[in-house]
Amino acid sequence: FMTYFANRQTNQTDTSTCRSRDELFIGALSFAYFSKALTGTYVKSSITQIERRFDLSSSHVGLIDGSFEMGNLLFLALVSHFGAQLHRPKLIAAGCLLMAAGALLTACVSESGSNMWIYIFLGNALRGIGETPVTPLGVSYIDDFAKAENSPFYIACLQTITLLGPTFGFLLGSYCAKLYVDVGQVDLDGVTITPRDARWVGAWWLGFLVSSGLLLVSSVPFWFLPRSLPKQEGDEDAPAPDGTEDTLGSGSPDLKLTDIAKGFLPSLKRLLGTPAYFLLLCGSVLKFSSFIGLFTFKAKYMEQQFGQSASRANFLLGVLNLPAVAVGIFLGGLIMRRYKLSVVSGAQLSLATSFMGYLLLLLLFGTKCENLPVAGLTVSYNGSATVSYGGETLVSECNGGCSCLPEDWDPVCSGSGITYVSPCLAGCLASSGHGRNTVFHNCSCVSTSFPAGSTTSVRLGQCPHAKDCSSSFTSYMAVSVLSSFINALGATPGYMVIIRCISPELKSLALGIQALGTRTLGGIPAPVYFGALIDSTCLKWSLKKCGGRGACRIYDSDMYSGG
């Protein structure tokens with residue numbers, strides 16, 4: 001009798017311990033996902049700042065953004081295959097440490113030299129290497145110990161919590177974009193530009209320091225978790241705890257790395273030979289290509305097309321788009337659990353939501369603003385509409401004798417709403433005021449487009465967009481948020497279809513190959529060719545101190561929205 005109750009108490013204690021470890025792993029993985037998502041999103045939110053700081057083109061910063069996927073490409077398939085048979089929590093911990101080191105390396109780039117961007121490239125690549133074990137090993141670890149009907153819900157919760165990371169990443173980017181890059185080192189009263197100016201560079205390095213600290217903290221819990229956990233109660237095929245030692249390289253007593261390596265190619269052939277998995281993989285590549293291109297340059301598009309500051313663009317993405325995505329992913333997992341959708345039903349739901357989401361995106365072509373009137377670029381000096389590309393169009397009769405440099409970009413705004421590239425090109429002869437309050441007078445080019453007797457003065461800075469641009473921006477954000485929500489509804493069903501359509505022992509490899517394929521064929525080239533398309537719409541390039549083309553100052557809005 002005493003033995004019975006003693007054994008029962010022992011079993012209850014073991015169950016409670018296992019349950020607490022389950023909760024610890026899910027909580028730790030959620031925080032790791034949060035931290036890496038925050039860092040990745042912060043990189044996207046800082047694209048404009050990095051572009052301006054190092055005088056880079058959009059295709060160039062697209063290559064830097066793709067370095068994360070390049071780092072992933074080097075180790076993802078191997079980590080997914082070998083990691084499934086090694087100590088997964090400790091591999092995840094090591095990955096978090098590498099990501100923290102990569103973010104710290106990026107933050108330490110303080111100089112604006114022409115080649116300093118290479119350190120950002122390397123830091124981003126190191127972050128990509130560190131991320132390789134987190135997703136495939138973390139998801140497969142959950143799916144191994146969770147009930148079949150609970151696994152989709154756990155993963156949906158994980159992805160929903162993860163989306164808090166991008167939300168806070170954009171908010172962090174919004175805050176840092178308000179601060180001048182050399183904050184604390186220069187007199188801000190002497191800075192003549194504002195956050196809406198095309199030359200403004202925010203304190204982008206500050207966010208990387210915060211990200212590095214979060215990633216470092218996220219690695220700690222995984223060092224104290226076991227190699228595996230017993231299956232949750234209620235599954236008929238629940239395996240007993242294996243009692244494996246909690247060491248990094250421990251596996252079954254007779255398992256060797258050479259034996260694991262020999263099984264890699266046969267496993268890969270078997271995986272890619274599954275028709276359902278192969279078709280889902282192709283669909284994921286196409287979807288990820290469009291997503292990553294839009295996501296990388298979305299904030300920049302809002303800046304250039306609608307005249308928003310980098311800080312405001314990042315803020316709106318963080319408080320509107322990302323919460324809609326989080327709700328969509330959570331509801332998708334809830335639908336899978338509530339209605340116990342089969343693999344076929346899950347695939348149908350994923351396809352339907354993706355199709356509806358992309359149909360909504362077509363509406364965005366109707367939400368755009370007209371080109372900002374810039375004399376010599378988008379309008380002539382007499383105010384008639386024209387779009388040109390070349391320094392010769394900036395010189396006119398009204399400023400021909402001023403010996404102006406067409407390469408300069410120091411915009412001024414006239415009372416008529418026309419922006420001039422510089423006070424010299426506006427034909428100004430005098431100035432008054434100081435800093436941001438500087439006003440230029442007796443501008444001969446302004447008089448050519450003004451009625452007789454009107455003021456010929458201009459103030460420092462670009463003119464704002466027309467008032468009707470605000471309503472277009474509201475429509476743009478509404479369609480964008482709705483499209484994000486509908487697309488997100490199919491995320492969890494699509495994810496679970498990939499897991500369920502292959503053998504259990506291939507789950508880690510399947511997730512790893514999916515991540516490898518989408519990032520290789522989508523994540524690396526998409527930011528580069530999206531950036532190249534954006535560069536093709538540039539109307540005015542800056543000039544580097546050492547010569548050569550720098551960052552773009554203004555784009556053709558009509559071509560930008562169409563591209």
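Including glycine, each Cβ sits where the backbone N, Cα and C put it.
Copied over from TrEMBL:
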COMPBIAS  234-245  compositional bias 'Acidic residues'
DOMAIN    25-563  domain 'Major facilitator superfamily (MFS) profile'
DOMAIN    392-447  domain 'Kazal-like'
REGION    232-252  region 'Disordered'
TRANSMEM  90-109  transmembrane segment
TRANSMEM  153-181  transmembrane segment
TRANSMEM  201-225  transmembrane segment
TRANSMEM  276-295  transmembrane segment
TRANSMEM  315-336  transmembrane segment
TRANSMEM  343-365  transmembrane segment
Whether the transmembrane segment (315-336) meets the transmembrane segment (153-181): three or more C-beta pairs under 8 angstroms: yes
For the domain 'Kazal-like' (392-447), the number of residues DSSP places in helix, strand and coil: 13 helix, 11 strand, 32 coil
Tertiary contacts of the transmembrane segment (201-225), as residues 6+ beyond its ends and Cβ separation under 8 Å: 21, 24-25, 27-28, 31-32, 34-36, 38-39, 42, 45-46, 49-50, 52-53, 89-90, 92-97, 99-101, 103-104, 106-110, 123, 169, 172-173, 176-181, 183, 195, 246, 310-311
Taken over the domain 'Kazal-like' (392-447), the model's mean pLDDT: 83
